[in-house]
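K.L.:
As annotated in TrEMBL:
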DOMAIN    1-112  domain 'MAM'
DISULFID  140-155  disulfide bond
DOMAIN    159-320  domain 'MAM'
DISULFID  368-383  disulfide bond
DOMAIN    386-443  domain 'MAM'
């Protein structure tokens, strides 16, 4: 199908509507090949129209000339339980000149699971009416995988959140740089973040997202805190969630588990970089001998096209902690590192330096001369380091200030366009490989 130019109105719209579809399964995707080429070809968008919803949901957009070629679009539909259809709208403002076409529309993995004659074992769940046999990890995960809703019956609402009515029993951290935002439909910045939520697959549903535009800066963090949970056996507690990481400057999403309230705990999982325009399911197995809490942390990339989304977060086989409201704290001060306040007995003058261990006197000119003259090297201990290898994340006093540039008779304050960053080969993320060595020089 291609656009046939009819007249030169100021605003022109061509619509191509699909037949009506009854429903889709949870893994459903729609793909097609499209052509959008020409100096004044204009934009196009695909809309989802669901029975009972007035507001259409935008599923896909092309904004401008994308070259003399066929390109493939892949759209995640997910579980749509109500009848729906599509509308492909071609929009041209003023003069239309170009080629706009579509071909080979394909639906994949859109069927519900088939009925089974039997379904045995702890790892499976037998759907009540459709008689499908599904993985037990799909039970109570806020998605109707059975097609009859039986896998989402009798679930504890305290163990799941789809953000349709707020944050449930999750909380925003007060010790991070900014907050997650609850939203419907697309995020404000084009070509970053979700266009729709995961729960309903439409612009009606809600989800959380991390806004990476100003005033947020590179590596600012936003943290979401789960309720507290009882100790769990080895892997009997499972955390499921859906994440969306779409945009050229998406940086990092990570999940931590902690048993102490004033630490980040330990890293369970993380993902770097652009993962395309889709919701991705992640399952984490948790074991803990103490009451614990889950923390989900989003980190801002070096630009505004770095929005990250969260939706449909649920726990299976976990129980809420009914003890103290907060986890215990630990002292973060380390013992034995304080410097003695008093100097040893000595006969040194004010123009001499006192060696801290022996009380030996040396000339003040021998302090910080890159040569240790005291037996304990105390004359060089507070000076510039002879060797800085940046190990143990020690910057040795080196820093990255904002700088000023002289222009005429004025100083112009310049924010760094580039940043020096402490790195190691294990922490690379997509697009960083060609800008960073894979190994350091020291080790």
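In case you wondered, yes, glycine gets a Cβ from its N, Cα and C as well.
So that I understand the layout, could you describe where these features sit and how close they are to other parts?
P.N.:
Using DSSP to sort the residues of the domain 'MAM' (1-112) gives these counts of helix, strand and coil: 0 helix, 65 strand, 47 coil.
Looking at the domain 'MAM' (159-320) alone, the prediction's average pLDDT is 94.
Within 10 Å of the C-beta of residue 368 (disulfide bond) there are 14 other C-beta atoms, taking all protein chains into account.
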K.L.:
What is the interatomic distance between the Cα atoms of residue 140 (disulfide bond) and residue 383 (disulfide bond), given in whole Å?
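P.N.:
Here the two Cα atoms are 60 Å apart.
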K.L.:
Please report the Cα separation of residue 368 (disulfide bond) and residue 155 (disulfide bond) in Å, rounded to an integer.
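P.N.:
Distance between the two Cα atoms comes out at 67 Å.
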K.L.:
If I take the alpha carbons of residue 383 (disulfide bond) and residue 155 (disulfide bond), what is the distance between them in whole Å?
P.N.:
62
K.L.:
Ten-angstrom check, please: count other Cβ atoms within 10 Å of the Cβ of residue 140 (disulfide bond), all chains counted.
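P.N.:
For residue 140 (disulfide bond), the count of other Cβ atoms within 10 Å is 22.
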K.L.:
Which Cβ among the disulfide-bonded residues (155, 383) has the fewest C-beta neighbours inside 10 Å?
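P.N.:
Checked 155, 383; of these disulfide-bonded residues, fewest Cβ neighbours within 10 Å: 383.
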